[in-house]
Structure formats: C-alpha cells, structure tokens
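*Asks:* This is the feature table in Swiss-Prot:
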BINDING   LYS31, ARG34, HIS65, ARG82  isopentenyl diphosphate binding site
BINDING   ASP72, ASP76  Mg(2+) 1 binding site
BINDING   ASP72, ASP76  Mg(2+) 2 binding site
BINDING   ARG81, LYS166, THR167, GLN204  all-trans-polyprenyl diphosphate binding site
Amino acid sequence: MLIDHYIMDFMSITPDRLSGASLHLIKAGGKRLRPLITLLTARMLGGLEAEARAIPLAASIETAHTFSLIHDDIMDRDEVRRGVPTTHVVYGDDWAILAGDTLHAAAFKMIADSREWGMSHEQAYRAFKVLSEAAIQISRGQAYDMLFEETWDVDVADYLNMVRLKTGALIEAAARIGAVAAGAGSEIEKMMGEVGMNAGIAFQIRDDILGVIGDPKVTGKPVYNDLRRGKKTLLVIYAVKKAGRREIVDLIGPKASEDDLKRAASIIVDSGALDYAESRARFYVERARDILSRVPAVDAESKELLNLLLDYIVERVK
C-alpha cells in the first residue's frame, strides 16, 4: 500500500534499532482502516486530486495509531499483535517507548510536510489541530480503560464514553482530515467526523466480541486477553449488570486460570451479551451510514466503498 511505503521511507532513520522498533508493527501488517477512511473521504468529497494530496495526512493517521498501539501494548503487557511478538517483547520496553515517542512526533511532521503535496497552510493547520485533539482524547480514553480495570462501578454509559475517546476519536479524525484535504466546509467536516466516530464505536464493540469468540490464528491476538486484564468491555458489563451474572467477577482478572477465563466466556455468551453487543455495533454502523447518506459526493464510487467499509467493521473476523 502506498501509505506503507510513505511511512517506511519517512521512518528510514538512524540508529537502525530505532527505525526497526518504529516500523515493527507497520511491517507486521494490519487493516489500514483509518488511512483508508482518510483517502476515501478525500476522494469522495474532492476527487482524485484531493486523494493524492491526502497521502501524507493518511500516513500521519496510521503513524499516530501505531504509536498508540506500541504504548498500549506496554501498559497492557500484551505479547502478541498482528500475529507477531509486540514491539516491547522484541526490542524491550525502553526502545518501544522511544519508538512510540518518535512515531508520535513523526505523525505531526507528516502533516507539516503535506504542504509539499499541495495542501494549503490553512488545511495543514486544520489537520494538525484535528490530530492534536484526537491524540489527547486517545490518552484520556486509555486512562479510563486502565481505571476501569480497578473497579466494577462501570456502566454502559461509562464504557461508551471511554470508547469514544480511546477508539472513536482517531477514526473521527481520519474522516475529518479527509474532508479537510478535499477542501470541504466545516459542516461537511463535522458530518464526516460523526460518521467516523460512530464507525469507531462499532469497531471497538466488534473488537470486544472478537476478544471472547475470535480465533487467535485469525485475529493475531490471544483470545481472552481482555478478560485476563479484567477489562470492562461491553459484553462483561452487560453480563454482570444487565443479566446479573455476577460470578464473572471472580472468574476474570490477572489471577484467573485458563479454565476460569473459558468459563467466564461461556457465561458471557449464555447471558445474551454477545447478541446485545452485536446489535449495538450494528446500531452505530447504521447511524454512521445514515449520516454518510446525507453527505454530497463528488465521487460516488468512494462513497459506496465507505459504505462497504461500514459493513466490514461489524462483520470482520480479525
């Protein structure tokens, strides 16, 4: 993908170990959902020229996403992502932290460099502001996610607020920045941001589902990771708070055995939490689709591809 080449060229820096750590997860693969949303939004609203201008902006979104993954993996002590050992497992915590910091800075440098790709000063400023806001929201979301591991005083509203920040904010930014690249006005930018936010919430709910029933060989991540960390996913909250299956409280967390986690997963499925989560994911995808239908398109094919991407979000198996 063109975005990958851009990032790899950009991050071809010395020392080699820093470059290697920074690009470890990029080279491992991934969905590239966020930069794809940026590029499709730019083309939908401004045609092929806008899409070409958006390449460094789309790369900045993926670079920021990769930075957040590296740091999240350190905090969660996750050992596998995208089917390979995580960055801190391969390079150690110190190098992984440094790689994340470097990617974070690189994401904003890419936006500055977008001026050389035909972006105006105002467009670059708007994109910079959007990503800056998203970066703060992501950190807030991660903070809530960590705090929720320490308590059971978490309800669906708390969960949704956390997800809007941790996952929704960057996908919202991806869509808004695509609109900025196309030269769209503030109202269209806002509407595309709402498309991205709702898609992001659905994406995270689907992630929660795959954390319970996903195949590790397909997802590239160990199953039950969220349960092992004691994370308050939508499924866990529903099973405990809505279905009254409080035995889950004693079956998840860092001290839980593999049998405990399997039993917790079985209880979650039996409680109806899986069906509930799937229905909520579809609700947010349909909300995104409704908003998207009201956005005028210069390129109809790109709009259709965005609609297909919404389908993928709730149907994906990894």
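Cβ coordinates are placed from backbone N, Cα and C, and glycine is handled just like the others.
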*Asks:* If you draw a 10 Å sphere on the Cβ of LYS31 (isopentenyl diphosphate binding site), how many other Cβ atoms land inside?
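*Replies:* Counting Cβ neighbours of LYS31 (isopentenyl diphosphate binding site) within 10 Å gives 14.
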*Asks:* Say you check the Cα of ARG34 (isopentenyl diphosphate binding site) against those of the binding-site residues ASP76, ARG81, THR167, GLN204; which is nearest?
*Replies:* THR167
*Asks:* Taking 8 Å from the centroid of the Cβ atoms of ARG81, LYS166, THR167, GLN204 as the cut-off, which other residues in that chain fall inside it around the all-trans-polyprenyl diphosphate site?
*Replies:* ASP72, VAL163, PHE203, ASP207
*Asks:* What is the total of other Cβ atoms whose distance to the Cβ of ARG34 (isopentenyl diphosphate binding site) is within 10 Å?
*Replies:* 24
*Asks:* Determine the minimum-neighbour residue: among HIS65, ARG81, ARG82, LYS166, listed as binding-site residues, which Cβ has the fewest other Cβ atoms within 10 angstroms?
*Replies:* ARG82
*Asks:* Who sits close to THR167 (all-trans-polyprenyl diphosphate binding site): which same-chain residues at least 6 apart have their Cβ under 8 Å from its Cβ?
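*Replies:* Non-local contacts for THR167 (all-trans-polyprenyl diphosphate binding site): GLY141, GLY200, ILE201, PHE203, GLN204, ASP207.
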*Asks:* Using the residues the record lists for isopentenyl diphosphate (LYS31, ARG34, HIS65, ARG82), what whole-number Å value is the largest Cα to Cα distance?
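*Replies:* Maximum Cα-Cα distance: 16 Å.
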